[in-house]
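Asks: Provided herewith is a single structure, encoded as structure tokens, for subsequent inquiry.
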Amino acid sequence: MKFGVIGHPIDHSLSPIMHSANFEALGRDDQYHALNVPPQHFQRIREIIKEQELNGFNITIPHKESIIPYLDEISPSAQYIGAVNTVLVKDDKWIGYNTDGIGFVKGLIDKHGPIDEKNILVLGAGGASKGIVSEMIKFTNHKITVANRSVNRFDNWQLEIKAMSLTEVKPLIHTFDMIINTTPVGMNEKSSELIIPIEKISEKALVCDIIYIPNKTPLLQACEREGLLIYNGLDMFVYQGAESFEIWTGQEANIEVMKNRVKDELKRR
Ligand code: SKM
């Protein structure tokens, strides 16, 4: 079977090597390639995919929303999140899914155990946050707190959460067992902004960031220096890929092989 990832730029994507490692481990004869599709060519996306004869593909930045009008069907959760990162091509029909949020949650639970009783704070209210929160809600008994700079980002959320501003959440920081940063703060290694007062975080808390390049964002570095347990976005990337593979093939992916391949490649780069 043939798969791929569509984005712009796309050279940096680790999906081709990660998926290829999985195919090899499972003894499958599949292919997975990166396709650079600039926004001005996106209206030709159906033809481009047809020419490549793909059975399924991932979509990354900047096309996760622009793909929606080209789909024949969309899963309820992808519809709700408003972004698609996985398309299954079935008898010429395109079905869209979003595996990013469930990827984060499954990776987190596999690594750090059940979250049923955790008091969770999610920072940011963009697509990544919405995807993670809408999946995480199914695994915890407590209401998740979501904090964003401006609260009007929550207008179309319709989820049972506690929504508040970053200013409002600051005095509550010590009450959380888990803090998940989904904002792009920290993507730039030189930025020193930490978004929340880390000295207020409970010493038992786990601090997560969905970024994995850099491996430790300034937020994670600062938390680690404080002796806190930290968790980056590498597992999220691996698990979203594993979920996509399962949607395309119905087969379980070899997560360990995928993870090791990505880690090796990141060390090499
Ligand atoms: O959601 C994923 C996407 O499926 C693949 C990807 C990549 O190849 O870099 C990144 C994320 O957007």
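Placed from the backbone N, Cα and C atoms, the Cβ positions cover glycine too.
So TrEMBL has the following annotated:
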type	residues	note
ACT_SITE	Lys64	active site, proton acceptor
BINDING	Ser13, Leu14, Ser15, Thr60, Asn85, Asp100, Tyr212, Gln240	shikimate binding site
BINDING	Gly124, Ala125, Gly126, Gly127, Ala128, Ile210, Gly233	NADP(+) binding site
DOMAIN	5-87	domain 'Shikimate dehydrogenase substrate binding N-terminal'
DOMAIN	113-183	domain 'Quinate/shikimate 5-dehydrogenase/glutamyl-tRNA reductase'
DOMAIN	233-262	domain 'SDH C-terminal'
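I'm curious about the neighbourhood of these features; can you describe it?
Replies: Lys64 (active site, proton acceptor) carries neither a helix nor a strand DSSP state and counts as coil.
Counting only same-chain residues six or more apart in sequence, the Cβ atoms lying under 8 angstroms from the Cβ of Ser15 (shikimate binding site) belong to Val5, Tyr32, Ala34, Asn58, Thr60, Gly241.
In sequence order, Phe104, Ala128, Ile132, Ile180, Asn181, Thr182, Gly233, Met236 make up the list of same-chain residues 6 or more apart from Ile210 (NADP(+) binding site) whose Cβ falls under 8 Å from its Cβ.
Restricting the average to the domain 'Shikimate dehydrogenase substrate binding N-terminal' (5-87) gives a pLDDT of 97.
Broken down with DSSP, the domain 'Quinate/shikimate 5-dehydrogenase/glutamyl-tRNA reductase' (113-183) shows 27 helix, 16 strand, 28 coil.
Long-range Cβ contacts of the domain 'SDH C-terminal' (233-262) within its own chain (Cβ-Cβ under 8 Å, at least 6 residues beyond either end) map to 1, 3, 14-15, 17-19, 21-22, 24-26, 28, 55-56, 58, 85-86, 88, 97, 99-100, 102-104, 106-108, 110-111, 208-212, 215.
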Asks: Ligand 1 is in the model; which of the binding-site residues Ser13, Thr60, Ala125, Ala128 have a C-beta less than 6 angstroms from one of its atoms?
Replies: Ser13, Thr60
Asks: Want to know which binding-site residues, from Asn85, Gly124, Gly126, are within 10 Å of Lys64 (active site, proton acceptor) at Cα; which are they?
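Replies: Of Asn85, Gly124, Gly126, within range: Asn85.
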Asks: Compute the C-alpha separation of Ala125 (NADP(+) binding site) from Asp100 (shikimate binding site), stating it in Å without decimals.
Replies: 15
Asks: To the nearest whole angstrom, what is the C-alpha distance linking Leu14 (shikimate binding site) and Gly126 (NADP(+) binding site)?
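Replies: Their Cα atoms are separated by 23 Å.
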Asks: Can you tell me how many other Cβ atoms are located within 10 Å of the Cβ belonging to Asn85 (shikimate binding site)?
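Replies: A count of 28.
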